[in-house]
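Report on the structure given below.
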Amino acid sequence: MKVYDSRHKDKLELTPLNTNEIRMYICGPTVYDDAHLGHARSAISFDLLARFLEIQGYKVVVAKNFTDIDDKLINKSFQTQTPLNELAKHYIEKYLQDMESLNVRRSHFEPRATEFLESMSSFIESLMQKDIAYRLPNGDICLEVSKDKDYGTLSKHFDDTDSIHRVEAEEGKRDQRDFVLWKAYKGQHDIGYESILGKGRPGWHIECSAMIDSVLAYKDKEFCIDIHAGGQDLFFPHHENEASQTRCLHNKELAKYWLHNGFVTINGEKMSKSLGNSFFIKDALQVYHGEILRNYLIGTHYRSPLHFNEEDLLQSKKRLDKIYRLKKRLDYAKVSLPKLLPLNTSFTSNSTCNKDFINAEEWDQFLTTYRHNLLKQAAKDFSGKFMESLNDDLNISLALSVIEEFIKEANEHLDNQPKDKIYKEQAKANLALIDFVLGLGVLSYSEYFQLGVNEEEKLKIEALIKERLEAKQAKDFTKADSIRSILENMGISIMDKSKDHTEWEKF
């Protein structure tokens, strides 16, 4: 597989540091508010990558962090008079619920910054002992960028003014590029933790480096991890500074590959909570089912900007409709896969706590068997084209065209040979492969075509269908036709499958 490495600005062959194992760190959210579609896109993009690597036989170990100590969190804590840990816990749980609705899988590790304060303090102390970090007059500790000869090689930001202005300007800095590793406690309206560095709290950049060191990093490889991923807005200064402090401490690079997903824009502006144009995931889920939303967000190549608009979303839904139409034609049974239980988290969203969770070892065993059976059963011409397209830096446009071609050919084949059982089983395996890699298929085809109908409406529809069936049995065809018209006016189409069974859909 080739991936676009942001450092080299080129597609590189993905060669893991350890045979058949890939370690990936994803920069997660700062949990001071609800997650927006920018967060959703990043999560879905790298969930797709992990799934695709797994189907190729790699063991993929993923860590995604939660930044639960930060200026924005502290400000909101004081504004709302809510304890910081309660505020963070609330938004972490909401984020996990949003991710489950989008069928984004849990990570092996979900570290929270406040769980690793000791690791961060030790990391910073080691940098001070190497004379690479120093203390400011106000007690803050900074990394001295001039002592990292490779600073700027990741983002290609070196001495330009715009870059400097994006780093905190503080009195006493030896170089305006120097960035804060530790923020000394400032008293009222601040939060601090006792540590070997004095009372204070970590800077943003140090959090990720220390958490990677603690839960994911190789100690004996050329790089700490295989892949570091996140949104383009994190490239500089966050990822540049992460790379720098890790390089200064360990004398090696943090990640072999750096991957960044593109922005989501609404009305031409990059989506962010600070801009005030956030389209929260929870709001989108009020209108669209998570699978429809995921299908839309996954349909634009992960590195390209995504200009969110409803017309494109509804167009992408037509593509999903075709997949579910074929599932219905094949009477395809929904595949319920187990869910990975994270190794180091106490957070389980309310909606997942009773689901079928398995541990990491069981997950690896399940994947090995499932992958083998799936690829064995799927049609080789389809799986070959599908995998080849995604091997090119997740070329989703090409992958979707392969799926379109398969659906068209499948329907033509079934028109001509409706009883071809061998073909049907292959087609079902193709659909299972699509579902696994793209993260679709959380609904049965009947559930999908009844989306947007609430329970009260379903009861009314079922009652009308029953009444119509009784009218037909009594040969009162005028009444039966009248009920069909009532259902059509409700936006419901019906299909008589037998004399005593009728299916319905919302159109």
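All residue numbers here begin at 1 and follow the chain in the order shown.
Including glycine, each Cβ sits where the backbone N, Cα and C put it.
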Check: Can you tell which of C142, C208 TrEMBL lists as binding Zn(2+) with C27, H238, E242?
Finding: C208
Margin query: Between the candidate ranges 29-39, 183-193, 447-457, 469-479, where does TrEMBL place the motif ''HIGH' region' annotation?
Written below: 29-39
Notebook entry, point to check: Apart from its near flanks, which chain residues at least 6 from the ends of the motif ''HIGH' region' (29-39) lie with a Cβ under 8 angstroms of it?
Noted result: 66-68, 70, 72-73, 75-76, 87-88, 91-92, 94-95, 98, 231, 263-264, 270-273, 278-282, 284, 297, 308
Next item on the list: Taking helix as H, G and I and strand as E and B in DSSP, count the residues of the domain 'Cysteinyl-tRNA synthetase class Ia DALR' (385-449) in helix, strand and coil.
Entry: 50 helix, 1 strand, 14 coil
Next item on the list: Average the pLDDT scores across the motif ''HIGH' region' (29-39) and report the rounded value.
Entry: 96
